[in-house]
Amino acid sequence: MEPSPAAGGLETTRLVSPRDRGGAGGSLRLKSLFTEPSEPLPEESKPVEMPFHHCHRDPLPPPGLTPERLHARRQLYAACAVCFVFMAGEVVGGYLAHSLAIMTDAAHLLADVGSMMGSLFSLWLSTRPATRTMTFGWHRSETLGALASVVSLWMVTGILLYLAFVRLLHSDYHIEGGAMLLTASIAVCANLLMAFVLHQAGPPHSHGSKGAEYAPLEEGPEEPLPLGNTSVRAAFVHVLGDLLQSFGVLAASILIYFKPQYKAADPISTFLFSICALGSTAPTLRDVLRILMEGTPRNVGFEPVRDTLLSVPGVRATHELHLWALTLTYHVASAHLAIDSTADPEAVLAEASSRLYSRFGFSSCTLQVEQYQPEMAQCLRCQEPPQA
């Protein structure tokens, strides 16, 4: 069957295999999906256009990165290069100045480099298709990279905290105020440059493609919720935190430069900035643990999803409802829908899938439709999970 010219933007897939051509189920399935008469299929089934409610939210994306992701990758490359160069400079400057505060700032930059490299690696992996072993693809590589970045920051910060404690106990150390002031000033400039690079606007988003990273809501009073590129946004917020820390180190270096007797400001600021650095990892660690523990996606509640499914005409009950996230923006849902005997399973499936996609922005939904049985009300496995 040749696809209709008006069916632009629909997903290309296979309807039936050659061995199903003679089956009545395949004919009924085709008849329920298309209104115009279909021509006999050739010996080998050809890919044809499928309507939205077949099973997927979006058309099959083109191979490679979208323009938005390409722009995000360029931003991350530039910011990562700047961050690495100035991190190396801070390590050298901190060593020459004998400043733990500078080293703490360099450790924070090290975490930034690791985070951005993990984001770049995940952007590259996201172009690889799913396999029979990795059926979900490689989406969680970004989560693992974020976890590695947090662990590395904790290790380096722990060492610096120990050294700062030793310095407070024993005052036999000397701070080179000039070298510390110069290094801290360069660090502030580096963070300003990285913030400028990451804050640059990307190309205009394209409609009808998931690469634009928009979570469409239902048409009505609410507007589409722009998500942007999560990796770039996270890096930008992280750089803003580094900028505040760099200003603090700069203030401590100015004090030590003009008042060398106040050299204790170096280990004291190391304590303060280490606490800030560890605290900044709390949101990332919370998101990582929630994803790895198969928790519900952030900003998606169990009750709203359940109520949305129960509001579909013909649905009497729902059970086995599971919501989880592969990444912060790739959300998945699965559920069993118990329907009335008079309800059309195809219509219920199409309507329920459409509501989940449009209202919550799920990337993948798997729904099983079954006849409602009275004993489901007493079945323990059909009950809702308790509130956490």
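Cβ from N, Cα, C; glycine included.
Among the features that Swiss-Prot reports, Zn(2+) binding site is placed at HIS108, ASP112, HIS238, ASP242. Mapped onto three states, the DSSP output places HIS238 (Zn(2+) binding site) in helix. Listed in sequence order, the residues of the same chain lying 6 or more apart from HIS238 (Zn(2+) binding site) and placing their CB within less than 8 Å of its CB are ALA111, ASP112, SER115, SER280.
According to Swiss-Prot, the feature region 'Disordered' maps to 1-46.
Residues or ranges marked as topological domain 'Cytoplasmic' by Swiss-Prot on the basis of a curator's inference: 1-75 (among others).
Away from its own ends, the topological domain 'Lumenal' (97-105) comes close to residues 90-91, 157, 160, 163-164, 167, 173-180, 183-184, 187, 242, 245-246, 249, 252-253, 265-267, 269-270, 273-274, 277 of its chain (Cβ-Cβ under 8 Å, at least six residues beyond either end). What Swiss-Prot records for 97-105 (among others) is topological domain 'Lumenal', and it gives a curator's inference as the kind of evidence.
Confidence for the topological domain 'Cytoplasmic' (127-145), expressed as mean pLDDT, is 83. The feature topological domain 'Cytoplasmic' is assigned by Swiss-Prot to 127-145 (among others).
Annotation comment: Swiss-Prot describes 167-177 (among others) as topological domain 'Lumenal', evidence class a curator's inference. When DSSP labels each residue, the topological domain 'Lumenal' (167-177) comes out as 4 helix, 0 strand, 7 coil, counted as helix, strand and coil in that order.
Marked as topological domain 'Cytoplasmic' by Swiss-Prot: 199-235 (among others).
According to Swiss-Prot, the feature topological domain 'Lumenal' maps to 257-264 (among others), an assignment based on a curator's inference.
If you look up Swiss-Prot, you'll see 286-388 (among others) marked as topological domain 'Cytoplasmic'.
Below 8 angstroms of C-beta separation, residues 102-103, 105-106, 109-110, 112-113, 116-117, 119-120, 123, 176, 179-180, 182-183, 186-187, 190, 193-194, 197-198, 231-232, 235, 239 of the same chain, each at least six residues beyond the ends of the transmembrane segment (76-96), sit close to that stretch. Under the heading transmembrane segment, Swiss-Prot lists 76-96 (among others).
Taken from Swiss-Prot, the feature transmembrane segment applies to 106-126 (among others). Outside the transmembrane segment (106-126), and at least 6 residues removed from its termini, the chain residues within Cβ reach (under 8 Å) are 65, 69, 72-73, 76-77, 79-80, 83-84, 86-87, 90-91, 94, 137-139, 141-142, 144-146, 148-150, 152-153, 156-157, 160, 187, 190, 194, 231-232, 234-235, 238-239, 241-242, 245, 273, 277, 281.
As annotated by Swiss-Prot, transmembrane segment applies to 146-166 (among others). Long-range Cβ contacts of the transmembrane segment (146-166) within its own chain (Cβ-Cβ under 8 Å, at least 6 residues beyond either end) map to 100, 103-104, 107-108, 110-111, 114-115, 118, 266-268, 270-271, 274, 277-278, 281, 284-285, 287-288, 292.
The transmembrane segment annotation in Swiss-Prot covers 178-198 (among others) and is backed by sequence analysis. Only residues 6 or more beyond the boundaries of the transmembrane segment (178-198), in the same chain, are considered here, and those with a CB under 8 A from a CB of the stretch are 75-76, 78-79, 82-83, 85-86, 89-90, 93-94, 96-97, 99, 101-102, 105, 109, 112, 232, 235-236, 239-240, 242-243, 246-247, 249-250, 252-254, 256-257, 266.
As annotated by Swiss-Prot, transmembrane segment applies to 236-256 (among others), with the evidence given as sequence analysis.
Residues or ranges marked as transmembrane segment in Swiss-Prot: 265-285 (among others).
Sitting within 8 Å of the Cβ centre of HIS108, ASP112, HIS238, ASP242, and not among those site residues for Zn(2+), are the Cβ atoms of CYS83, LEU109, ALA111, SER115, ASN191, VAL239, GLY241, GLN245, SER280. Outside the topological domain 'Lumenal' (167-177) by six or more residues, the chain places 96-100, 253, 256-258, 260, 263-264, 266-268 with a CB less than 8 A from a CB of the stretch.
In this structure, HIS108 (Zn(2+) binding site) is part of a helix by DSSP. Counted with DSSP, the topological domain 'Cytoplasmic' (286-388) comes out as 39 helix, 28 strand, 36 coil.
Long-range contacts of the topological domain 'Lumenal' (257-264) within the same chain, counting only residues at least 6 positions beyond its ends with a Cβ under 8 Å from a Cβ of the stretch, are 167-168, 171, 173-175, 177-178, 180-181.
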